[in-house]
Amino acid sequence: KKDRSRKAPQYDKRRGTRTEAADADADGEGVEKTPRLPKRLHALLIGYAGSGFNGMQIQPDVRTIEGEIFKALVNAGAVSKDNADDPVKVGLQRAARTDAGVHAAGNVVSIKMITAVPGVPDLLSRINDELPPEIRVWDYVRVQNSFNARTRKYTYFFPTYLLIPPKPGSGLYRSLKQSSSTSGDDHPFWKDVAPDSSREEDMQRKKKWRVGPEQLELLRNAARKYEGTHNFHNFTVGREPKDRSCQRHMWSIEISDPVVYGDTEWLSVLLHGQSFMLHQRKMISALVLSIRTGTPSSLIDELYQLRTVMIPKMPSLGLLLEHPIFSSYNARMQEVNVNVELTDPDYRPAIDFDIHAEKIKAFKEEYIYSRMRSSEERVQVFDRWICSLDRYAGPDLLYLNPQGSIPDAALVKKGKKRTNAFREWKKFDATDFVSADGTTDPLAEEDADEIEEEEATECISKKDLEEAEG
């Protein structure tokens with residue numbers, strides 16, 4: 001018979017959470033259970049190399065970043081066994097979602113976790129011991145019950161040889177020449193190169209090529225066109241031109257000086273934006289394609305207009321989430337902390353990745369940059385991507401022209417089927433290029449026909465778009 005003399009659960013009114021005594025009192029009578037420990041909302045500052053993971057968000061029966069972190073928290077005792085079956089019970093959320101294979105030097109997940117774990121003197125080290133080396137927790141900090149990160153920084157890396165004009169005789173070369181675009185046959189790179197030279201032969205020459213200061217300045221000037229608030233509908237998928245959510249603000253776009261690794265020269269583009277849309281790496285594609293074809297930067301202004309065109313996605317391999325930025329949250333916490341001591345339970349530390357800069361830098365070099373360069377050296381992902389574009393001789397890329405104008409033939413019109421539409425190869429969305437047997441090249445030339453079998457357009461629900469964007 002139920003004992004009705006038990007006290008009702010007690011709540012801490014100041015924090016709006018159950019007290020430890022209430023949690024203990026809620027245990028079934030006569031059943032010996034492990035005492036419940038207090039859990040509080042914390043932000044985990046994390047970094048990861050996304051290769052081999054099916055994205056950030058936890059999903060059943062697949063390997064994800066959040067899944068590995070949640071499992072590590074359970075094994076370390078930061079999540080109780082009672083809550084180990086469902087991350088919703090502890091309010092697991094992410095600041096920025098990343099797709100399958102995408103890397104992050106910094107990201108944040110929030111979770112109600114136990115920090116005073118019996119027998120665990122250094123919880124941070126214990127959590128990291130439970131994680132694979134490709135995932136690191138840099139820190140965890142106590143946070144208010146609600147916070148968000150709208151501003152983010154992404155970096156995109158690519159070899160400078162992508163800026164070399166299309167090869168004379170290629171489909172894109174012929175198509176652009178017929179539309180009076182810069183032909184590229186005067187470019188010194190292609191001088192004395194046989195028209196029937198193989199991709200491998202051309203690749204050896206591309207590795208030795210170096211971008212000049214004039215072309216680099218053109219690239220930087222074009223990138224500045226992205227700064228400010230614009231309609232980025234052409235740089236994503238699944239959004240109508242008049243959709244207000246396509247209005248996004250970019251604070252700054254910075255292009256580094258080129259750096260040589262091995263035989264290949266690389267550039268990095270740092271994008272600091274209020275928020276980003278799905279597949280917004282199309283921004284980098286538009287820059288690369290315009291510079292390599294001599295198209296003026298005024299094209300970027302044209303792409304903000306309500307007309308729709310097809311912009312290919314850059315390979316996912318070069319994309320890295322640097323970290324979310326919590327400036328507004330940190331400013332609010334400064335006000336909260338004015339009369340609060342560091343040791344007070346109500347003190348809320350700033351969410352700051354900069355204090356972990358050295359550890360993050362070493363992690364990026366070992367698990368992200370080196371693997372990125374290794375994949376390019378072994379598989380030539382970027383070269384195969386640009387060659388897939390150069391094979392195309394249809395109308396979709398005719399906006400690459402000396403006027404920077406968009407001809408009617410290049411427009412994508414809703415409900416109207418396009419003749420000879422460009423089709424993308426989905427394998428360029430991958431960042432892990434080791435095949436199942438560990439030997440076969442997953443981007444083998446004999447698979448090139450698959451490029452013509454994958455539609456560039458995607459049907460994505462609004463709910464999925466909102467979840468994917470940040």
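Glycine is no exception: its Cβ is also placed from the backbone N, Cα and C atoms.
According to TrEMBL, the active site, nucleophile annotation covers ASP99. Annotation source TrEMBL lists substrate binding site at TYR154. The compositional bias 'Basic and acidic residues' annotation in TrEMBL covers 9-21, 184-204, 460-470. Annotation comment: TrEMBL describes 443-457 as compositional bias 'Acidic residues'. Taken from TrEMBL, the feature domain 'Pseudouridine synthase I TruA alpha/beta' applies to 222-326. Here TrEMBL flags 1-34, 174-207, 436-470 as region 'Disordered'.
Here the compositional bias 'Basic and acidic residues' (184-204) has Cβ contacts under 8 Å with residues 164-169, 173, 176, 293, 380, 383-384, 387, 445 of the same chain, all six or more residues outside its ends.
ASP99 (active site, nucleophile) is 13 Å away from TYR154 (substrate binding site) when you measure Cα to Cα.
A simple Cβ count within 10 Å picks out one of the recorded positions ASP99, TYR154 as the most packed, and that one is TYR154. Averaged across the domain 'Pseudouridine synthase I TruA alpha/beta' (222-326), pLDDT for the predicted model comes to 91. Across the domain 'Pseudouridine synthase I TruA alpha/beta' (222-326), DSSP assigns 31 helix, 34 strand, 40 coil.
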